[in-house]
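What follows is one structure encoded as structure tokens, with my remarks underneath.
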Amino acid sequence: MAWVHEQLPGNILEAYNISVREKCESYLLFSGETSLGDGFRTFLYFLGLAYCFIGLSAITARFFQSMENVVKHKRKVVKIDPRSNTEIRHEKVWNYTIADITLLAFGTSFPQISLAIIDSIQNLGSRYAGGLGPGTLVGSAAFDLFPIHAVCVVVPKAGELKKISDVGVWLVELFWSFWAYVWLYIILEVWTPNVITIWEALLTVLQFGLLLIHAYAQDKQWPYLSLPLPRTERPEDWVPDEAASRKQDKIAGDECSELFQENGNIVDIFSIHSGDGSVYHRISGSEVAEPSNEHFQKNIILEDSHLLSLWKQQFVDAFTLESSESRKLDNIYLWVARIFWQLLLLPWRFLFAFVPPPHIAHGWFAFICSLIFISGIAYIVTKLTDLISCTSGINSYVIAFTALAAGTSWPDLVASKIAAERQTTADSAIANIICSNSVNIYMGIGIPWLINTTYNFIAYREPLGVQNAEGLSFSLLVFFCTSICCIGVLVLRRLTLGAELGGPKIWARLTCVYFMSLWIIFVVLSSLKIYGII
């Protein structure tokens, strides 16, 4: 013990002494947890964390499916030409660029944002902002940029190339993503060091609106606000019909995708989509062009007769353990392993069966319910990571930008992976990665700081202090440098292979390893800074 006290630096020694002197008295479910050894408790909490990742994977698959139905919604436009001929056409409600930023990136970042807002409300009355929140969001940004890019680059089939169709939009999104971290460094170290004013917080939030306007202007090629770059048009459908008609990837075991394939006679109860996917009831063009009361009544009948049975079938499928794939397995060990896996997933499958089918109300009910479940699981992840820090003695800031950042960013990874698999271009997969970073700063940090700075201005007439601003700024600098290395490789792949994702298997795997190495560099350097070693 004397040798330890002589050799360890001060910060590490303090953490070590605390872990030796005090036993972690916090617990997750039962007070009896504290009677177990800290090492065993840490192991159990890591298992719980892994189980939450499985649940996040499953619910994010449903989130993506509901978003497909939201984005594919079309509205009827009636145009009367001078010759008195009536032209009826159906136009998309959602612009795909805006959908990628608001629905996909903001939706998958919702857990970080909601948890940060809750933390800020609980922190009202304190003159300092919770340093753990920004640390988590910067760590989430690193996880978004490096590991998720690493996964997406190897997702396409061997030799398949998927490129960004609109490079101009990607450059706009990339600019605002980089600027977000430059801006954060300016307000932490340059403008008002170690404090945040109400105007800085307000400007941070408003920049999310500027991102949306600039991205939309680039997509529509507005003069003076867009880059005159050549582009190829994105496919008409956000997810092509051939991909939508296939069974969904079963990310965490058997999903309810078979349900939507088998009930092909279900129609959206609030609208008629023009797609030919098997999840929609086909109707003739005349019925769409000239809706009648009889057709509306027919929809109501379909709703009454099929909606409850459809929802009921989700619960039946949740408790159906042995699938047709399991019965085809000749190896008894593989069959047992599959049954065990399905039993392990049974609680998640039952819980997520409460999510409404995604083709009701354009998918909005399923979209909102999925976000609620994702946020709930993310909250459990935060509790588990706090307990891991408590029982293991690992610095809470290190936990924040590693385990906690990975947990809250897991929906980003799953959503980008699905987009890279099912879409014909790389636009949505990469936009989700890049724009999630912007959302994390502009909304995930901006809104909580705006709440706290407003309260401090009213209550104390002083700005909001920031704890550990030096360590956070160092992490920002490391992240900025490694981000340049990451984007440089994506540009190099575009110039040499012609696409950002996919390609020859050897090059895809090498790129994957390179991206993961950048993430490890970020984690190691940030951890060393936290512990005062550098």
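Every residue, even glycine, has its Cβ placed from backbone N, Cα and C.
Features reported for this protein in TrEMBL:
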- 45-216: domain 'Sodium/calcium exchanger membrane region' (DOMAIN)
- 363-526: domain 'Sodium/calcium exchanger membrane region' (DOMAIN)
- 43-64: transmembrane segment (TRANSMEM)
- 93-117: transmembrane segment (TRANSMEM)
- 137-155: transmembrane segment (TRANSMEM)
- 167-186: transmembrane segment (TRANSMEM)
- 198-217: transmembrane segment (TRANSMEM)
- 332-355: transmembrane segment (TRANSMEM)
- 361-382: transmembrane segment (TRANSMEM)
- 394-410: transmembrane segment (TRANSMEM)
- 430-451: transmembrane segment (TRANSMEM)
- 472-494: transmembrane segment (TRANSMEM)
- 506-528: transmembrane segment (TRANSMEM)
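Among residues of the same chain six or more beyond the transmembrane segment (167-186), those with a C-beta under 8 A of the stretch's C-beta atoms are 97, 101, 134, 138, 141, 204, 207, 210-211, 214-215, 218-219, 226-227, 229, 231, 427, 430-431, 434-435, 437-438, 440-442, 445, 473, 476-477, 479-480, 483, 487. Contact between the transmembrane segment (198-217) and the transmembrane segment (506-528) is not supported: fewer than 3 Cβ pairs lie under 8 Å, counting only residues 6 or more apart in sequence. When each of 43-64, 93-117, 137-155, 430-451 is checked for Cβ pairs under 8 Å to the transmembrane segment (332-355), 43-64 comes out on top.
Sequence-distant contacts of the transmembrane segment (394-410) (same chain, six or more residues past either end, CB-CB distance under 8 Å): 15, 49, 52-53, 56-57, 60, 111-112, 115, 131-132, 135-140, 142-144, 147-148, 378, 381-382, 384-386, 388, 436, 468, 471, 475, 523, 526-527, 530-531. Below 8 A, the CB atoms of the transmembrane segment (430-451) and the transmembrane segment (43-64) form no more than two pairs separated by six or more positions in the chain, fewer than 3 in all. Between the transmembrane segment (43-64) and the stretches 93-117, 137-155, 361-382, 506-528, it is 361-382 that has the most C-beta pairs under 8 angstroms.
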